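Peer 1: The structure is given below, and queries will be raised subsequently.
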Amino acid sequence: MNALVIAGGRRLLGEVDVAGSKNSALALMSAVVLAEGTTILHNVPDVSDTRTKAQLLQVFGAKTEWHGSSLHVDCSNLHNGEADEEMVRSIRTSFYLLGPLVARLGRVTLPAPGGCKIGARPVDLHIKGLTLLGARIDLVNGVYSLEADSLLGAEIYLDFPSAGATQHLMTAAALARGITVIQNAAMEPEVTVLADFLNRMGARVEGAGTSTVTIQGMSSLSPCEFRVPSDRLQAGTYMLAGAITGGDVKVKGILPEHQSGLVNKLREAGAEVSEGSDWIRVGATERLKGIRIKTMPYPGFPTDIQQPMAALLTLAEGTSVVEETIYESRIGHVQELNRMGANIIQESRSSIINGVSQLRGTVVVASDLRAGAALVLAGLAADGETIVRNVHFIDRGYERLEETLQGLGGRIVRIPEDELRAKRVGETVL
Ligand SMILES: CC(=O)N[C@H]1[C@@H](OP(=O)(O)OP(=O)(O)OC[C@H]2O[C@@H](n3ccc(=O)[nH]c3=O)[C@H](O)[C@@H]2O)O[C@H](CO)[C@@H](O)[C@@H]1O
Ligand SMILES: C=C(OP(=O)(O)O)C(=O)O
């Protein structure tokens, strides 16, 4: 296990080229199984989730090869396999493989998925949709078994615009006979990226990015080459790094229209934000003001940026209220930020943040991916040294986080936790 050690208090300055999107790459890595032959995904982020997903594909007979950030996946000889429960539980999108694999193989079994522990995260909408597409589904001892002679197009209404269910069902429907219509679909950018990818494979998907997505299923699809777009969540985190350190950070190679929730809220808090066709620059010359945030499905304020944004607001003047409406317990950062001197009171799904003028470095523990990102941001701004433990959570979704932050002038290093234990109380690392 590793920890990140951060010597805070330095303004971050400079430019960041943002890596490929974890969430898009993972959805595409399910869709690749739809086509016989080798699909090539470019710009796949080097994070633990994509490496785990590649291993999972191998369990079902796919051959995977990494060439830098390009992933070649040969799905010519798929077969059933028994996936290790630990592996499946370590990522969320293991589950998105069920639909496309049953479409290709006629039957498949897979343990229930994992992902960040930020709420109950049921899969009922996935199951409801797959059942409507004609799959027979059993759950025994935490393992899902699916069977279908062939999938049939269906009309599916989602009770909540779930990003995962929308993408999973679109993928399965691409090999179903007839037309599938998904109502109350998620409108997240990752849905549109997946539609572009499926269309590149020969499917006919329309309406992605709206609340009604229509998929004309095909009897077969072809492999293709596709570039994963940049990660809007890594980008958002680096924008926040510019703001929380009173620095000036330009994130490049991104689609600014995907950041409108964050950009508007940063401006409301008093940050300086400018943007061009494929970049956004964020800085802060004065202390920010407290604001209200409410997470919502896209295009609302993204839940995945809620925890990093909360870190920023701990230092804003006055009181902020951050309401999490998507997940019932995305609060792992709260207690740890308070250990650093923040003043956050958690009331049900709302964090009431009373701004403090300084955070103090200490040892904190990441409970999940974005809680980890929030603690790193807090550490960059804090007085003294912060040690963030459980870095494996952060590694799920940030490609070479410490190198990127070092490139902006941040003092941050990764060290094995064993080395930390050897230090005397009060002894610093950096
Ligand atoms: C790998 C990936 O892409 N992860 C993202 C994806 O997660 P994920 O796809 O898991 O998130 P969903 O959009 O499905 O979840 C949103 C809400 O719907 C609920 N729900 C979901 C499915 C279901 O069958 N039943 C149900 O009740 C969830 O518990 C949650 O409260 O979208 C989330 C919302 O933008 C992001 O936070 C995650 O980073
Ligand atoms: C919640 C997240 O990921 P996952 O859905 O993969 O757990 C995230 O990326 O913030």
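Keep in mind that glycine also has a Cβ here, set from the backbone N, Cα and C atoms.
A quick note: this is a predicted structure, and the numbers were derived from the prediction, not measured.
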Peer 1: Please state which member of Ile291, Ile293, Ile326 TrEMBL lists alongside Arg92, Arg121, Pro122, Val123, Asp124, Leu125, Asp304 for binding UDP-N-acetyl-alpha-D-glucosamine.
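Peer 2: That UDP-N-acetyl-alpha-D-glucosamine site, as TrEMBL gives it, pairs Arg92, Arg121, Pro122, Val123, Asp124, Leu125, Asp304 with Ile326.
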Peer 1: Roughly how wide, in whole Å, is the group Arg92, Arg121, Pro122, Val123, Asp124, Leu125, Asp304, Ile326 that binds UDP-N-acetyl-alpha-D-glucosamine, by largest Cα to Cα distance?
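Peer 2: Maximum Cα-Cα distance: 22 Å.
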Peer 1: So if I measure Cβ to Cβ from Asp304 (UDP-N-acetyl-alpha-D-glucosamine binding site) and keep only same-chain residues at least 6 apart in sequence, which ones fall under 8 Å?
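Peer 2: Those within reach of Asp304 (UDP-N-acetyl-alpha-D-glucosamine binding site), by Cβ under 8 Å and sequence separation of 6 or more, are Leu233, Gly236, Arg370.
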Peer 1: Which recorded positions from the set Arg92, Cys116, Pro122, Asp124, Asp304, Ile326 have a C-beta atom lying less than 6 Å away from ligand 2?
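Peer 2: Result: Arg92, Cys116, Asp304.
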Peer 1: Work through the recorded positions one by one (Arg92, Cys116, Asp124, Ile326) and name whichever has its CA nearest to the CA of Asn23 (phosphoenolpyruvate binding site).
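Peer 2: Checked the recorded positions Arg92, Cys116, Asp124, Ile326; minimum Cα distance to Asn23 (phosphoenolpyruvate binding site) goes to Arg92.
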